[in-house]
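Asks: Take a look at this one; I'll ask things after.
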Amino acid sequence: MGQEKLYIEKELSWLSFNERVLQEAADKSNPLIERMRFLGIYSNNLDEFYKVRFAELKRRIIISEEQGSNSHSRHLLGKIQSRVLKADQEFDGLYNELLLEMARNQIFLINERQLSVNQQNWLRHYFKQYLRQHITPILINPDTDLVQFLKDDYTYLAVEIIRGDTIRYALLEIPSDKVPRFVNLPPEAPRRRKPMILLDNILRYCLDDIFKGFFDYDALNAYSMKMTRDAEYDLVHEMEASLMELMSSSLKQRLTAEPVRFVYQRDMPNALVEVLREKLTISRYDSIVPGGRYHNFKDFINFPNVGKANLVNKPLPRLRHIWFDKAQFRNGFDAIRERDVLLYYPYHTFEHVLELLRQASFDPSVLAIKINIYRVAKDSRIIDSMIHAAHNGKKVTVVVELQARFDEEANIHWAKRLTEAGVHVIFSAPGLKIHAKLFLISRKENGEVVRYAHIGTGNFNEKTARLYTDYSLLTADARITNEVRRVFNFIENPYRPVTFDYLMVSPQNSRRLLYEMVDREIANAQQGLPSGITLKLNNLVDKGLVDRLYAASSSGVPVNLLVRGMCSLIPNLEGISDNIRAISIVDRYLEHDRVYIFENGGDKKVYLSSADWMTRNIDYRIEVATPLLDPRLKQRVLDIIDILFSDTVKARYIDKELSNRYVPRGNRRKVRAQLAIYDYIKSLEQPE
């Protein structure tokens, strides 16, 4: 069998994942406004795809052509563009369908041509009061450098200023970062109707207010467009320059990085399209997409709650972990010292972690706090706690990952603020991104230092903890806390040798240990012992690990995969992956936690990890996976995994055809895993 048939290209697999998101927008069992929000998620995902995956492919094509190599990448480019075009057509159809369904529910997203006289007057006042100060036209002249001026993934209106036979062009930025994208209009009869208008259409309606008095014209026509840039960096790590200075420079470079996608309104005149293409230096390798009237659908993620309560998801109140509320514990440290605690977001509240760090910031017994941050919330209480701890005389070390894609600017801000507060801030070594989710609190108890550790699968972020599924393990077990201490030492001194007996740490030992554990399952299967591998991942694309799973399947090891995003492995290939079952779940929460389970001859090993099975995570990042040593917590994770694999509502097969077929229910009971997990955890947190 040829090599190309053993793996799905990661770019196509990623697009298949985003098509699953689009399926959620099409799913009529989802509430109407949630379906509209899934359109926003799809659009946001696609923007990131072009910034990262597509841009990387474009670079590969340019390099391969310079070297005179084969055309595989160009062929893949064609497949991508074809698949995106098909999905975009489905997207447009779904959007129109949802608009009709909204109207049936008395929610009207109207355009500038559908305004009543009263609404027209109201809009002109709104424009002058809230919007005009944010609008400055960019005139397109022969020397205008649009690549320099235009912002990445912002929607613009390209305006024709027509005077007789002369046409001038200008661009208007739609300032959705300063003014709400959705604006509620005064209702008309009947009063139950809820009219809204997009910011784009307010600008269309108010073109005269923008240009009148400055230009003579017979007509003004506006067409939407946006441009997506390559999000990668070209960092040259000079010894005398700090990483923060380099990152600030690279952020400036991103503002002028090469465009990789140009999306424009389908009825934009050809002459204007050509002017924009030329000004944006769009090459034959870039994606040029004629689209609808609106771009930046990512704002639809925040489509407002309007109308009846059943148009949005029924709330699932976040649950407190009952162990922290027991009367005998004076604080969170007492509870964790008694036994390990496992939190599973967003079912559990993130408040427990925030509260523990708040307590640590002023507890007289706390000596030191170490934490690494990758993506934190905009108004991060964790950052506040670290600053308060430093003010209270604690020794605070914060490892800031300046290379967290799309969060670099925020992390530079946090690093400066922490440094000013007296916190010891350190950065990752060049080329070694820190993706682990750790903190370590050192506390003086009865004359000895006791350490408390957090190992997680997700970021210390209050916002995403309400949307992403992730685990937090809180432990005072010295077997784990001593090794977390070693991880922080490794971060500060990445080239000193370090060993671990319990933790799986990239790039130190992850690949070796994963290979060894898969090989052990193969040996057990061959000897007739219990064997099996179950993985829950965001992405599975490392060919070495995929090949190891193929070898396991060929040896009779049952392999169960739950992969949300990219999966290069192809299940059910005869003689290669017959024993591999792979599914994906897309639902109201984003499945983000990573779990590795090995049967281990009947004594299961269960790991929680920050690392996907991607080459970068295994070999080029600092990642941490922890074993669950407490049998109670191990069983809890196994129960949750069982629920996920029993899903008969939101589970899809991963297959060679990228079909996204739903797993058939057959005669099994209806199980929507995320709701079932909520009920399971709720049952565990009942008072005894």
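Going from the start of the chain as shown, residues are counted 1 onward.
Any Cβ shown, glycine's included, is placed from N, Cα and C.
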Asks: Taking Arg443, Arg496, Arg564 as the options, which does Swiss-Prot list with Asn45, Tyr468, His592 at the ATP site?
Replies: Arg564
Asks: Can you give me the residues near the recorded ATP site, meaning same chain, not Asn45, Tyr468, Arg564, His592 themselves, Cβ no more than 8 Å from the center of the site's Cβ atoms?
Replies: Asn538, Gly565, Leu590, Glu591
Asks: Rounded to an integer, what is the Cα-Cα distance in Å between Asn45 (ATP binding site) and Arg375 (Mg(2+) binding site)?
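Replies: Cα-Cα, rounded: 17 Å.
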Asks: Take the domain 'PLD phosphodiesterase' (430-464) and count its residues per DSSP category (helix H/G/I, strand E/B, coil), listing them in that order.
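Replies: When I sort the residues of the domain 'PLD phosphodiesterase' (430-464) into the three classes, I find 1 helix, 19 strand, 15 coil.
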Asks: In Å, how large is the greatest distance between any two Cα atoms among Asn45, Tyr468, Arg564, His592, the listed binders of ATP?
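Replies: In whole numbers, the farthest two Cα atoms are 15 Å apart.
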Asks: Measure from the CA atom of His592 (ATP binding site) to the CA atom of Arg375 (Mg(2+) binding site) and give the result in Å, rounded to a whole number.
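Replies: About 14 Å separate the Cα atoms of these two residues.
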